[in-house]
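Quick one: the structure is below, and I'll ask about it shortly.
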Amino acid sequence: MAKKVVERVQQLKGSIKVPGDKSISHRAVMFGAIANGKTTVEGFLPGEDCLSTIACFRKLGIEIEQKEDLVTVYGKGWDGLSESSDILDVGNSGTTTRLMLGILATRPFHSVVIGDASIAKRPMARVTSPLKQMGANIDGRHEGNFTPLSIRGGKTKGITFTSPVASAQVKSAVILAGLQSEGVTTVTEPHKSRDHTERMLKAFGADIQENGTTVSVTGGQVLQGRHIVVPGDISSAAFFLVAGAIVPNSEILMKDVGINDTRTGIIDVLQAMGAKLEIKNERVVNEEKMADLLICASDLTGTEIGGEIIPRLIDEIPVIAVLATQANGTTVIKDAEELKVKETNRIDTVVHQLKLLGADIEATEDGMIIHGPTRLHGGQVESYGDHRIGMAMAIAGLVSNGPVEIEEIEAIDVSYPNFFDHLYELI
Ligand code: S3P
């Protein structure tokens with residue numbers, strides 16, 4: 001297992017292009033695989049999670065070419081998917097697991113889905129339960145709540161489903177099954193989660209109805225392959241947005257970053273804390289907004305984060321916690337119980353690791369409370385195999401008195417394989 005040491009820097013300056021959006025990259029491959037005809041993807045994220053999606057759909061009989069960030073998927077329509085003679089290994093990817101189950105729910109064959117040790121702990125009943133209600137046969141540990149899972153899809157019926165959690169993975173799985181189910185499928189969630197599925201399905205020619213936090217589709221829909229341009233991932237940009245805000249004298253420009261409203265909670269938080277952030281050159285590509293983001297160092301003030309904003313920044317909370325250690329006053333993060341079922345229990349891992357570095361931070365039942373500003377002293381931490389914990393710790397190292405030594409750093413390859421190249425370019 002690899003280690004990395006990150007030390008305090010005087011400033012970060014320059015321009016980077018963060019890698020493609022992970023959520024959009026997964027969807028481009030999956031929707032291309034069930035569409036009729038060729039789908040070409042530009043700006044694909046060649047991180048381990050999205051490569052797992054490619055590997056799974058190749059096993060399901062789809063020809064997919066991938067060279068760095070360019071991908072071609074030769075879709076043959078829904079019936080072009082075929083039974084795999086091998087297990088489908090999702091690696092560390094929750095999105096691959098849950099969205100693929102939604103697709104497999106209507107396919108009349110047997111599949112076995114397995115992932116790594118982190119995936120084995122993540123709750124799957126949130127998707128297997130509605131998919132079973134629709135008529136799919138799914139089994140697995142704890143009655144289909146944990147991998148390994150086996151699924152035999154077939155003729156399914158539309159349902160009206162109210163999800164107890166705001167989750168794009170749940171919403172997407174049920175909607176994908178709904179596209180090939182009898183009648184209408186409706187999903188309502190407590191707050192709006194990221195809507196890349198709705199936007200991209202429309203780009204592939206599907207008819208999707210949206211009303212507030214409710215999404216509906218009618219069955220029997222086929223998709224048509226197309227060209228997809230993937231914007232930069234705001235969840236990856238978040239690490240350098242925070243670094244630029246907290247490392248004195250910094251100025252970082254990030255080009256072509258996706259700024260879909262369901263993902264920009266980090267921008268709202270930075271602005272509420274007083275960060276100097278400019279959004280430039282805003283445009284829309286394939287139904288998705290993107291822009292260039294310029295962040296400069298400034299004084300920051302603590303803030304309160306909770307309610308509907310949580311799904312809009314859920315993946316950014318580890319690095320927001322680092323940001324809060326450098327802000328004046330108290331930052332409260334609440335309503336974020338979902339952190340407990342991410343790649344790690346991110347309430348525990350963030351609080352524990354930042355405490356080791358000297359932060360004044362405490363865990364709560366649904367989030368954390370951070371008092372700042374603190375001059376972190378550095379120390380030894382771990383990623384716990386969680387890419388976003390590894391990167392958050394690296395950003396903490398940039399403002400710590402002593403070095404921060406991070407174990408199991410290879411986890412970062414899941415979503416940002418060139419993270420350290422970008423960091424060194426900016427120093
Ligand atoms: C994702 C949705 C979110 C997010 C994950 C990616 C997606 O999870 O945390 O990193 O691509 O749909 P939930 O849908 O479980 O909230």
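If you go along the chain as it appears here, the first residue is 1 and each next one adds 1.
Cβ atoms here come from the backbone N, Cα and C positions, even for glycine.
The following feature annotations were taken from TrEMBL:
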type	residues	note
ACT_SITE	Asp315	active site, proton acceptor
BINDING	Lys22, Ser23, Arg27, Ser167, Gln169, Asp315, Lys342	3-phosphoshikimate binding site
BINDING	Lys22, Gly94, Arg122, Gln169, Arg346, Arg388	phosphoenolpyruvate binding site
DOMAIN	7-423	domain 'Enolpyruvate transferase'
Can you give the mean pLDDT for the domain 'Enolpyruvate transferase' (7-423), rounded to a whole number?
98
Counting only other Cβ atoms and using a 10 Å cut-off, which of the binding-site residues Arg27, Arg122, Arg346, Arg388 scores lowest?
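Result for the binding-site residues Arg27, Arg122, Arg346, Arg388: minimum number of other Cβ atoms within 10 Å at Arg122.
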When the Cβ positions of the binding-site residues Ser23, Arg27, Arg122, Ser167, Gln169, Arg388 are compared with the atoms of ligand 1, which fall under 6 Å?
Ser23, Ser167, Gln169
Is any of the recorded positions Lys22, Gln169, Asp315, Lys342 within 10 Å of Gly94 (phosphoenolpyruvate binding site) (Cα-Cα), and if so, which, in sequence order?
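For Gly94 (phosphoenolpyruvate binding site), the recorded positions whose Cα atoms are within 10 Å come to Gln169, Lys342.
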Of the recorded positions Arg122, Asp315, Arg346, Arg388, which sits closest to Ser23 (3-phosphoshikimate binding site) by Cα distance?
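Closest candidate to Ser23 (3-phosphoshikimate binding site), judged by Cα separation, is Asp315.
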Within 10 angstroms of the C-beta of Ser23 (3-phosphoshikimate binding site), what count of other C-beta atoms is obtained when all protein chains are considered?
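Step by step: centre on the Cβ of Ser23 (3-phosphoshikimate binding site), count other Cβ atoms within 10 Å, giving 28.
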What does DSSP assign Arg122 (phosphoenolpyruvate binding site), in three states?
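Looking at the DSSP assignment, Arg122 (phosphoenolpyruvate binding site) belongs to neither helix nor strand, so coil.
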For Arg388 (phosphoenolpyruvate binding site), which of the binding-site residues Lys22, Arg27, Ser167, Lys342 has the nearest Cα in space?
Lys342
Spatially, which candidate from the recorded positions Arg122, Asp315, Arg346 is nearest to Arg27 (3-phosphoshikimate binding site), comparing Cα atoms?
Asp315
Sort out the sequence-distant neighbours of Lys22 (3-phosphoshikimate binding site) for me: same chain, 6+ apart, CB within less than 8 Å of its CB, listed by position.
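Counting only residues 6 or more apart in sequence, the Cβ neighbours of Lys22 (3-phosphoshikimate binding site) under 8 Å are Leu45, Gly47, Asp49, Cys50, Thr95, Asp233, Ser235, Ser236, Ser415.
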